[in-house]
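See structure below.
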Amino acid sequence: MTITFQDFNLSSDLMKAINRMGFEEATPIQAQTIPLGLSNKDVIGQAQTGTGKTAAFGIPLVEKINPESPNIQAIVIAPTRELAIQVSEELYKIGQDKRAKVLPIYGGQDIGRQIRALKKNPNIIVGTPGRLLDHINRRTIRLNNVNTVVMDEADEMLNMGFIDDIESILSNVPSEHQTLLFSATMPAPIKRIAERFMTEPEHVKVKAKEMTVSNIQQFYLEVQERKKFDTLTRLLDIQSPELAIVFGRTKRRVDELAEALNLRGYAAEGIHGDLTQAKRMVALRKFKEGAIEVLVATDVAARGLDISGVTHVYNFDVPQDPESYVHRIGRTGRAGKTGMAMTFITPREKSMLRAIEQTTKRKMDRMKEPTLDEALEGQQQVTVERLRTTISENNLNFYMTAAAELLEDHDAVTVVAAAIKMATKEPDDTPVRLTDEAPMVSKRYKNQRSSKRRDGQGGGYRGGKGKSNNRSSYDKKRSNDRRSSGDRRQKKSY
């Protein structure tokens, strides 16, 4: 059954905002969460980015706000600055007609400026745990009138070490309040927070089959580590994405990839947690404006980003878990548009491919490694399309005489071929250096291997002659040697 926002009996101010934002039908997480939020129930929601969860908690939160009150009435706790900004922008849009005042609070921004903004009596605070707790300790934020608390991406805050800060923040909130907790997974520390600070919460869960969007084409390429960069650049040449995000597993990888892409002639910038907030915001603005065509990011830096127009996602490194994969590809295929996601799998990472497919309930199609000739053909097609566009604009009178002179000496096909050659960006083979990353193996696969070794399988000693056991020890030594040298080893791509 389709549920529309009219079914929630919202105020006219909120309906104006919802209609202006283009919302029509409620997503599964919205259909289940909004009625519970409006009735002041505590909610535990398991949902991924891209499912509409910000509106799921934002609509009931804003509906209950009294814009005339000078008090902080709701707080939203988010793991990263980017997500805090994104959530605050969404809440501002939802509450614009109601005149609800929303203020983002995060580290990296001048605290004096934040204190001045807090004196203007915001109704809703969206902040990162550390900076929120800082203001609470300074008494520049008082939570004694808060009636709604939202924890967004609670598992990510746990991974980033914010669990103690969250407990301290919640301890400052009145006991009579509503709590909405959203988390892709429910590890034990998150469950303990729910038990301690929530009252008979209702559970809302978006099933795995609803996690990935049908209008995202998902592919994988089996490629050796040393060939990954050339594979990436050839795909960029063939597919010519309007806006692309490339995901790397580490900060070092992001820095090296961004530098290497620029060396090869692609406009690229990287974002990760070690960059200052100002630098990250500059990179994001350039990406949104199309000044750069490729954004290279870590998982944490990309959390909560809502950038329209992303056509391609490249998982240069396999994500550390299937849930991160869903977060990554959710950057494309938004607002009803189609998108493509390509994941590079090294031979030792096939277990991660299986784990991702089991989680998403969807098989990825295999894509063959692109060749150099295919990359050149891709760039030729870009040139041909540019020529067609120029011809259709019909503003060529100034060039007609020169064209006629060329045709007197050469046939038309030769002239056009020369023009295409001159205008085509040929694949660049500038040498680049990338540090190898260790392959990512599924935890389930690791556990299976460990279990087999404990059971005496896989070449271990089982009470027979010691030969197989000696070989296993030798293999382990070789593996350890490879790992220790792998941190220092660098590859050269051409």
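Just so it is clear, glycine is given a Cβ too, placed from its N, Cα and C backbone atoms.
Taken from Swiss-Prot, the feature motif 'Q motif' applies to 3-31. Here Swiss-Prot flags 34-204 as domain 'Helicase ATP-binding'. The ATP binding site annotation in Swiss-Prot covers A47, Q48, T49, G50, T51, G52, K53, T54. The region 'Required for dimerization or oligomerization' annotation in Swiss-Prot covers 413-494. Residues or ranges marked as compositional bias 'Basic residues' in Swiss-Prot: 443-452. The compositional bias 'Basic and acidic residues' annotation in Swiss-Prot covers 473-488.
Counting residues 6+ beyond its ends, the motif 'Q motif' (3-31) has Cβ neighbours under 8 Å at 38, 45, 47, 51-53, 55-56, 59, 62-63, 93-98, 204, 206, 210, 335 in the same chain. Sequence-distant neighbours of K53 (ATP binding site) (same chain, 6+ residues apart, CB-CB distance under 8 A): I29, Q30, T33, G45, A47, D152, F182. Sequence-distant neighbours of T54 (ATP binding site) (same chain, 6+ apart, CB under 8 A from its CB) are Q86, V87, E90, L91, D152. Residue counts of the motif 'Q motif' (3-31) by helix, strand and coil are 17 helix, 2 strand, 10 coil (DSSP-based).
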